[in-house]
Structures are given as structure tokens and as C-alpha cells.
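For reference, TrEMBL has these:
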type	residues	note
DOMAIN	A:70-254	domain 'ABC transmembrane type-1'
TRANSMEM	A:25-46	transmembrane segment
TRANSMEM	A:81-100	transmembrane segment
TRANSMEM	A:112-134	transmembrane segment
TRANSMEM	A:140-159	transmembrane segment
TRANSMEM	A:193-214	transmembrane segment
TRANSMEM	A:234-254	transmembrane segment
Amino acid sequence: MSDQSLNTAAESRLTPILVAANDRWLPAIILLVATVVAWEAAVRIFDISAFIVPAPTAIARSLIDQWPSLMQATLVTAGEILFGFIVSVAVGIAIALVIVRFDWLGRALYPLVVLFQNVPKVALAPIFILWFGYGLAPKIGLILVIAFFPVTLSMLAGMQSVDRSLLSLMNSVGASQSQILFRIRVPHSLPQLMAGTKIAATLSVIGAIVGEFAGAQDGLGYVIQFASTQLDTAQVFAALLLVSVLGIVFYYAAEILERVVVPWAPKFSRA
Amino acid sequence: MRQSAMRIDTIRAAETRPTTVRHDDALISAKGVSLVLSRQLILQNIDLSVPKGSFVSLIGPSGCGKSTLLKLMAGLLQPTEGSVSIAGLPPVEAARKRMIGLVFQEANLLPWKNAVDNASMLLSIADRSLSRAELRARGQEMLELVGLGDSAHKQPHELSGGMRQRVAIARALALDPAVLLMDEPFGALDAITRDSMGQSLLDIWQRTGKTIVLVTHSIDEAIHLSRHVHVLGIKPGRITESLDIDLPYPRDLSLTEEPEFVRLVVQLRTMLRESHQPGASS
Ligand SMILES: Nc1ncnc2c1ncn2[C@@H]1O[C@H](COP(=O)(O)OP(=O)(O)OP(=O)(O)O)[C@@H](O)[C@H]1O
Ligand SMILES: [Mg+2]
């Protein structure tokens, strides 16, 4: 009896979610399947050479045949992304805190940070290889210079948008600058910081691949480059597919992190 | 040159002040306070005395300097001339001694804290010796005082505008301040919520014996709640009229229908209309 009612309760809670998921994803899935089918058909009908555009089935075959080595490369790249992402977020937060906390240092640092944004950072990859060799370090360095900026910028914006009357309240009870920083400004900045973090997650994937392009002995970027010199376009596509999957995984991981860190953010509470 | 011209204005204004100010029983007193900000005379020769335990309202046209005057009392700004004192102390020192509670138009609650933690937030900074449990207990006590005892664990976004403002009042009261300075605390609320908030504030005032200075744009609210109303004029900001509201406490909303109340409304409205004329010195 109670089992029954529990079940129906669970079902009635689940049904709308499933329906919503259908509504949301179904069109995209239909379009994707149609595109893949059309792609396969076009390659077969027009007899396109496999090293120019491989058929989806050829990509799938390459994926299956090369699975162990592709997985190994995926793990390497994922490790770089994760490590680089964490370093970028940490450094991005540290720079933002320094700029806000130490006024004169901030005034010195901020224009330089902005100026540095105009350097085409992808072009730094060969220099990093020169300095740090072919290992993990140049990739982390490249991810860092690409990904820290949105973190710093979003956190700064968040910390500086605290309402003035709230600051008046804090001042009226004699709060110190660090109390205002850590009890008000930093938590207040978290929703914006998380938005910057999601951008950093996406940029970290780009940074890792570019770093591997510039010089690496492993990783998906390396696989893409090596396979293209072998005219194994199917493997290039297979590796690209895995890069995209990594991108999606990291983006959603950042989104889950956001829900954990700032469940009180306006975007969640105004459902 | 500018400075001396201003002094003369100040003196002239002092001569034309309608009522003499007695500072004897004052908890807050402003003596000859003038304030210049960005080379503009914002407040001119303010003489104001707020007796201990009284309820005083400031009313006047937008931009006349009510909020600025309140900030001077809170020690958030320093006067260019004259002095402000709270129980004989400079406001900054009074604030350090937790004598001043502030409430603004926006509740400014921290969205990552629930109601009870918001209520004790300022206290936790003012008195670092208190334990978490003590802070909670104090926050809860204050929420009960403002009628939100059962909403302690709600997050700010789960509260209505009026409830949020009640938490803001609880947060100020948690300091157990001698003075409550309120800047249009009900300005963002609908008329009915506003009425009941005013009535609650009156109850809290009578129960706690705080001295309250309220900035408001509502003539009804000023008369309903306060014992003294000061009208500020514009350009420069100065006190143009002061009105004693000799209606007996406890007061409730039925008061607003009485002839004496209506007469005071008319009188205050006339004063307010005149305060909209810029002063001679502008
Ligand atoms: N930091 C400042 N620098 C220069 N002028 C200022 C500053 N702060 C306020 N003012 C000016 O002081 C005057 C009074 O402002 P204030 O906010 O005290 O008015 P108010 O009476 O509270 O108005 P309202 O009813 O609209 O809230 C305004 O003309 C405003 O422009
Ligand atoms: Mg104001």
C-alpha cells in the first residue's frame, strides 16, 4: 500500500523530468542522426576519398581499432586539462585577490594583466616548448596563460559589485578591510567567479590541444597531428570526437561544481 | 573667498531658524553642521537635537540631503563645519561601541546566509568574542522581536521584501544599539505592507526604548510614528521647519482617521511644499 504510493510519487516526480529531457534533447538528437546519415550517404554516393572526408562508419572503425591507444592519449590530455585548469583557477583567484586587497599593487598589476591579454597566447606555445621541454610543464603554462584571465576578471567584477550600503553597514561596526574582503566580497563574487570558471574549463581544453600541437609525444593533439601526417583522416576525426567529449565533460563538471559552490546564486534560486 | 561667503550664509541661516534647539536631553546632537562635497554645499548649518528615547523623522524633497545627514550621524561622513555627537561621543566612536544600528532602503542581506545568520552578521563582526551558538541565539531572539521567529532557516530569496526588511531591522537591533538610524526603510514596500511595518517598528520602539531617527518620504508615516518631525529644505540642505507630534502613544492605524491627525497632515504638507523652494543662498 505505502509501497504503491511511494512508487507513484517517484514516478510522478520523474515523468516531468523525462518529458522535459525529451523536449530539450529530442530535436538535437534527430538533427545529429540525420546529419550523420546524410554524411555517410554523401561519402558513399560521391565516392569521396577516405583521406579527405572519412565516412562516419570509417571513423567508428578507427575508434574501435585504435581504442587502447586513443584511450591512453585521452587520459594524457585529460590530465593536462585538469591540472592546467586547476592551476589557472588558483592563479586567477590569487591575482584577483591581490588586485583587490593591495591597492597600489592592484593598480600596477591590473593594466599589465589587461595588456597581456592582447598577446596572441597560442603563439607562445613554441616558446614554452623551448623553455620547458616536451613534458607536462609547457602545456600547463599554456593553459594557464590562456585560461586564468576570465577567472580573474569575473572574480574582480564580482568583488567590486558589492552594494555600497552593505559596505557602509560593515564600516559602521568597524569591520577591517580583510573582514570585508573575506566575509563579503569573496562570497559575493562566487556566482560570477563560477561563470568565469566555466569559460576557463573550455579554454583549458583548447590550451592543452594547442600545447600538444606545438610539441608532444602523447595526447590527443599529438594523435591528431601524427595521424594527419599519415593521411589517416579517420583517426584524426576519431581523436577530434574524443576532444569534443572531453570538452563537454569538463564543461559539465564545472557546471556541477557551480551548483555545489553557489547553490544560493540567483540563477538557481529564481527557478 | 568661497569659504568666507559660506560662513556668512551659515550665520544668516542660523538667524532665521524657526525654533530654538535644546541640546540638554539630547542623545544625538548636531551643532552648526555644514557639509561640502565636491565643492558643493550639501548641508548648511544643521542644528538638530534628538532626545533620548524619542522617535524623530526627517522629511524633505529628494536630494535635499536626508541620507547625507543620516550618514553624518552614523560617522560614515565627517562634517566640514560643526560637530555631531552621540551621547557625547563622535559618531565613529559611538559606532565602535555598537551604539548605532543602521537600516537602509535595501535590506542587503547576504544571499548565502539564512535569516538568523544574517540577523547576527554585523554582531559577529562587532563582537568577535561571541561563539557561534551565542550569535545564533541572539539572531533568533531578534528575529522573534521583529515577528520572524519561525523563518530563521529561510534563505533571503525565500522571504518577501517586507520580511527581508524585518531581517535587516533585526540585524541592526542585534547590536543592541542606543540609536536606530533608518533611511527610507519601507520605501520599496507596498502601501499595506508599509503600514504594518510601521506599526511593528512602533511596537519595537516601545518595547526596546531605542532612539529612532527615520528618513521617510511619507507624510502619514512621519506623523503616525514620530514624536518630532524635521522638514529639510533643498539647495542647500537645511532644516526649514520642525513639528512636534503631540499625539499620545501607543498609536495605531485608526489614528490616521482622527481630525487631529488630518490637521497635522495638512500642516506638514504645507511645510513640505515650502521646503521645495530653493533657499536664498543658492
Ligand atoms: N559623494 C557625494 N559627492 C557629491 N555630492 C553628493 C555626494 N553624495 C551626495 N551628494 C549630493 O548631496 C545631495 C543630497 O543627497 P542625499 O542622498 O543625501 O539626498 P536625500 O535627501 O537622501 O534624497 P532622496 O530623498 O532622493 O534619497 C544630492 O544633491 C546629491 O547629489
Ligand atoms: Mg536618500
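Using N, Cα and C of the backbone, Cβ positions are placed for all residues, glycine too.
Between the transmembrane segment (A:193-214) and the transmembrane segment (A:112-134), the number of CB pairs under 8 angstroms, six or more residues apart, is three or more, so the stretches are in contact. Long-range contacts of the transmembrane segment (A:140-159) within the same chain, counting only residues at least 6 positions beyond its ends with a Cβ under 8 Å from a Cβ of the stretch, are 80-81, 83-85, 87-89, 91-93, 95-97, 99-100, 113, 116-117, 121-122, 124-125, 128, 131-132, 181, 185-186, 188-193, 195-197, 199-200, 203-204, 206-208, 210-211, 214. Counting same-chain residues at least six beyond the ends of the transmembrane segment (A:81-100), those with a Cβ under 8 angstroms from any Cβ of the stretch are 106, 109-110, 113, 136, 139-140, 142-144, 146-152, 155-156, 159-160, 181, 185-186, 189, 193, 196-197, 200-201, 203-205, 207-208, 246, 250.
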